[in-house]
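For reference, the structure is listed below as structure tokens.
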Amino acid sequence: MPVRGFLVLEDGTVYSGEAFGYPGRSHGEVVFNTSMTGYQEILTDPSYCGQIVALTYPLIGNYGINDEDLESDGPRVAGFVVHEACPRPSNWRSTGSLDHYLRENRIPALQGVDTRALTRHLRRRGTMRGILATGEVDLEEIKALAATRPALSGAKLVPAVTNAEPYTVEGGPRRVVLYNFGVKENIIRWLRREGCTVTVMPARSTAAAILALNPEGVVVSNGPGDPKDVPYGVATVRELLGRVPLMGICLGHQLLALALGGDTYKLPFGHRGGNHPVKDLSTGRVYITSQNHGYAVRADSLPAGAVVSHINLNDGTVEGLRHRELPVFSVQYHPESSPGPTDSEYLFHEFIRLVDEHRGQ
């Protein structure tokens, strides 16, 4: 017999469906993603830590789960909501079903939900806290709990997804530090592909500890939550400015903006999906990008020397910045994609160009 489940938002809205994955209850910030494929990468993206993710594409799980498309060592989402979960996947790489993977990793999930109606609600009302509960539940109790759950805090989320100790991944002659706030594995894969040996440093690392490694470049990674909740990261990035080439990605972009003296703010419902158009203001070229963020940089807060390099064509928000004098640039979106389009892979080449220009200086 199918087991009922419910997604209850903090405003009291209830979405019912059929439970799958791990039976139980979870809470988190409810967000939506518009990608048509790449659910395994989404599930394992550390930036989703503490979030209940709803996918708008109606059929999820068709190609199962494999051992290659992981962005971390396991799922990071708090819960998962789809319209229909495929029970019998078909793909030559598949090692199991979506249901089995979620059950094995203790992630509660819900299917049979009108995820597009849920998405429209979140677009109108903004991102909300919510509770996903399966089995016999007291809805009035769940509604009361959903309205009082604490908001996401980067102070708690980042420690859950960074590494405890530094480690090095061999790749080539260039020495690069990955300053880790919840990195996706494909960023490391790309750096290795570009001839970099990558040392992954924990989020609490000091600038002195990073510079002691004599890096030729530093990449400030993606990660979950509000950038203002990790002031130690801002302080470290500020000390690195002008001393080594820097590239920021997603949360790393926001930390870089704060380190330069800019400001950030929370978006009403964020950007999450693989089809966001971004314009490069220097060339006029438009790229289709993969995005996953709930915060953005205020364009008018950036100090002299820092310039907006890219904008989102949907809402005009800042998608990239550069510095006129320092070897520094960042983007709000994900050039490594995974999942999503590969239009912006050239940004890794730009970072390597910066590294090579400053080698030995």
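Every residue, even glycine, has its Cβ placed from backbone N, Cα and C.
In TrEMBL, annotation is done automatically, which means it is predicted and not curated.
Note that this is a predicted model, so its numbers are computed, not measured.
Mean pLDDT of the predicted structure over the region 'CPSase' (1-173): 95. Residues annotated as region 'CPSase' in TrEMBL: 1-173.
According to TrEMBL, the domain 'Carbamoyl-phosphate synthase small subunit N-terminal' annotation covers 3-133.
Taking Cβ-Cβ distances under 8 Å and a sequence separation of 6 or more, the neighbours of Gly294 (L-glutamine binding site) in its chain are Glu29, Val31, Thr127, Lys266, Leu267, Gly270. According to TrEMBL, the L-glutamine binding site annotation covers Ser47, Gly223, Gly225, Leu251, Gln254, Asn292, Gly294, Tyr295.
Around the Cβ of Cys250 (active site, nucleophile), the number of neighbouring Cβ atoms within 10 Å comes to 29. Taken from TrEMBL, the feature active site, nucleophile covers Cys250.
For His334 (among others), the entry in TrEMBL reads active site. The Cβ of His334 (active site) lies under 8 Å from the Cβ of Lys184, Asn222, Ile249, Cys250, Thr289, Ser290, Gln291, Asn292, Gly340, Ser344, each of these being in the same chain and 6 or more residues away along the sequence. Classification of His334 (active site) by DSSP places it within a strand.
According to TrEMBL, the feature active site maps to Glu336 (among others). Non-local neighbourhood of Glu336 (active site): Lys184, Asn186, Ile187, Arg189, Trp190, Ile249, Glu345, Phe348, each in the same chain, at least six residues away, with C-beta under 8 Å from its C-beta.
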Item checked: For the domain 'Carbamoyl-phosphate synthase small subunit N-terminal' (3-133), the number of residues DSSP places in helix, strand and coil -> 26 helix, 47 strand, 58 coil
Next item on the list: Drop a 10 Å sphere on every Cβ of the binding-site residues Gly223, Gly225 and tell me which sphere holds the fewest other Cβ atoms.
Entry: Gly225
Next item on the list: Count the other Cβ atoms sitting within 10 Å of the Cβ of Leu251 (L-glutamine binding site), across every protein chain shown.
Entry: 30
